[in-house]
Structures are given as C-alpha cells and as structure tokens.
C-alpha cells in the first residue's frame, strides 16, 4: 500500500510539473502573440536593382546596432566579386561596340592593355575569384582608365553596369590592401541580388522611446523568379513600401534585356496595387536613386522611355531636373488612382524622393513614414 501511494505521488508530481510547463509555454505564446500585435509589418517591394536592399542595410545602420566586424568582413568577397564582374562587363561591352558600332575605333582597347584585358576577362568568368591583390588592382585600374573602357562606360545603360562601378574603381588601392576590412559605406555600395526573404525589426525613434511604433520590415527578391516568394507575406501587412528606381528609365532588366526597367516597374506597381489583400493597406512610394536621376536627366531625355514619351523638356539645369521629377511623380500618381478601386482611393498613399545611399535622407524618410502610420493608427482607433 505504501509503495502504491509512493508511486501515485511520483506520478502526481510529474503530472503537476508537466502541467506547469505546459501552462508556462501557453503563457509565453500568449505574451508573444500580444507582443506581435504591436509590431507593424512592412513589405519592401520593387523590381530588381531598385535599391531596396540598400535601404534595408541603411535601416540596420540607422535603427539597429549596425554591422559588427564579422559582418563587415563577410562582405569582402562580395566587394571583390563586384570589381571583377564589373571590369568583365566593361571589357565585354567594349568588344561588342568595337564590332558593331559605326565609330568602332574608339572602343578598341589600347595595345598595352589588351593582355591585361584578356587576363581579367578570364578571372571574371570564374566561379571563384582570387583575393584582390595590389598587382591585380593596379591592372584593373589601368584597364579602367583606358579610353575604350571609359567610352564603353559612358554607354553603361546599354549594358548591365552596376551603380557601384565608380565608387569601387576609385577605391581599388584601398580594397586591395592586405588588411582590408570593408567600411559601412563599402557595404552600402556592395551589390548582392536578394534571393528569398530577409527581415529586420526596428523603431525609427529608438527602442527606448515609447511613442514610436515597432516595425518588422521584409525585403524580398525583386527579380521575376523571386516574386512568387512574396505571396505568403501578403496577409496582415500594415504598409507596402514600393521602391522605384527613377534613374533607370533608359535601362533594361538584368533577366530580360529586351524589357525596359521603368516599364517593368510600372506594371509591377500596378499589379501590387490591385491585389485584394492590399485593399486597405497603406502605400509608401519611394522614388529612389534621385542622385543618379538628376545627373542623367541632363544627358538622356526622359521620353526615351515609352511611359514618358509625352514628356516635353522646358528648361535646363536644376529647373529641368525638378520638372522631370515632378512629371515622373505625376505618372506614378495617375497609375495609383487608375489601379485602385474607387472605394479604396482614400487609403494612405505617400510619395517620397529618396537616395538609398544617403543616410540622412533615409533617416528623415522613415521618420516621416513612422509619423504617417502612427497618425493612421490613431485615426482608426478614433483618437483623432
């Protein structure tokens, strides 16, 4: 009898312990669920090369702890790969122009750089790139300064030349230092195509200030084959941040060189606006890469893009830049209203001029986004 009572006590004690553990797990799940309700979900969407991932990295620098040394070092092979890939693209481009252009002679690489060019072409075609040594950096610099490569670079919009080209080519000696560790600025310029989904949690006013909202920002791949991965993220979104690279009105897609990037952006923007799950979702449109746009617009007419074919320049210099920007902005506004159901046009829609590489601009923009969304939440709660 005593043995039976002892066993029962052990079983009862085990049951009580298990019940306590279950209750604790349920309590934690309930707390986490409540906490999740206070976290607003933001989707960062846009076509490939729109600057989404640069904005994502800026958020990490601005509103989190930034990149530690290990993370900075992890970008070293990426940056070196960007250098090798870019010089290969330029070398390939110069060959193509030399064969097909009427004024072909100016695209022919000088005799002293031909051997270097072939060597770098072979390296750029490898799957694994060597460490960027001082010798290789000097050879790349020599080829970069070759008149034929500079003429090719001037036609970069016809090729797939990345925006980071100037920056990395100007810093080759530093990038090839034996003890080189990438800087924060280097990381912002580094180009890696986003595949899948990455996320970050932040507050634009700082974690210790109760007045600010907490956001979870999702960055998803912009190339066409990545977009199917967005679907499961569509539910319960507080706002969509759509990035449009306005400087790319004369460029083609990485994945389809017959397709204009701005036309692709327009169609993607309209498709997202029409999704039923976004009927009540706020939209923040970032007209990005303004720094490149303001230089390009003075050289390349806006009406080379089919969407902007009715554009008429009115001035020169700064006035023309503003006129062109306002025209693009108006086109996106028209697209928004044409793609939004009449009973939903009152949902929050804001447009911001952005330069993803400019930390001050990104910080100011996200504080404005935060204010807009907090105001919307107060209105919905009947507190305004």
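Note: Cβ is positioned from N, Cα and C throughout, glycine not excepted.
Residues 41-54 are the range that Swiss-Prot records as region 'G1 motif', among 27-40, 41-54, 55-68. The region 'G4 motif' annotation in Swiss-Prot falls on one of the ranges 276-283, 284-291, 292-299, namely 284-291. Checked against Swiss-Prot, the range among 354-359, 360-365, 366-371 recorded as region 'G5 motif' is 354-359.
Record note: among 186-194, 195-203, 204-212, 231-239, 186-194 is the stretch given as region 'G2 motif' by Swiss-Prot. In three-state terms derived from DSSP, residue 53 (GTP binding site) belongs to a helical segment.
The predicted model assigns the region 'G5 motif' (354-359) a mean pLDDT of 96.
When the alpha carbons of residue 194 (Mg(2+) binding site) and residue 53 (GTP binding site) are compared, the span between them is 7 angstrom. Within its own chain, the region 'G1 motif' (41-54) has Cβ neighbours under 8 Å at 163, 188, 192-194, 215-224, 230, 233-234, 236-245, 248, 253-255, 261, 264-265, 268, 272, 286, 288-289, 354, 356-357, counting only residues six or more beyond its boundaries. DSSP classifies residue 163 (GTP binding site) as coil under the three-state reduction. In sequence order, 51, 163, 245, 246, 247, 248, 355, 356 are the residues of the chain that are 6 or more apart from residue 289 (GTP binding site) and have a CB within less than 8 Å of its CB. Most Cβ neighbours within 10 Å among the binding-site residues 53, 194: this distinction goes to 53.
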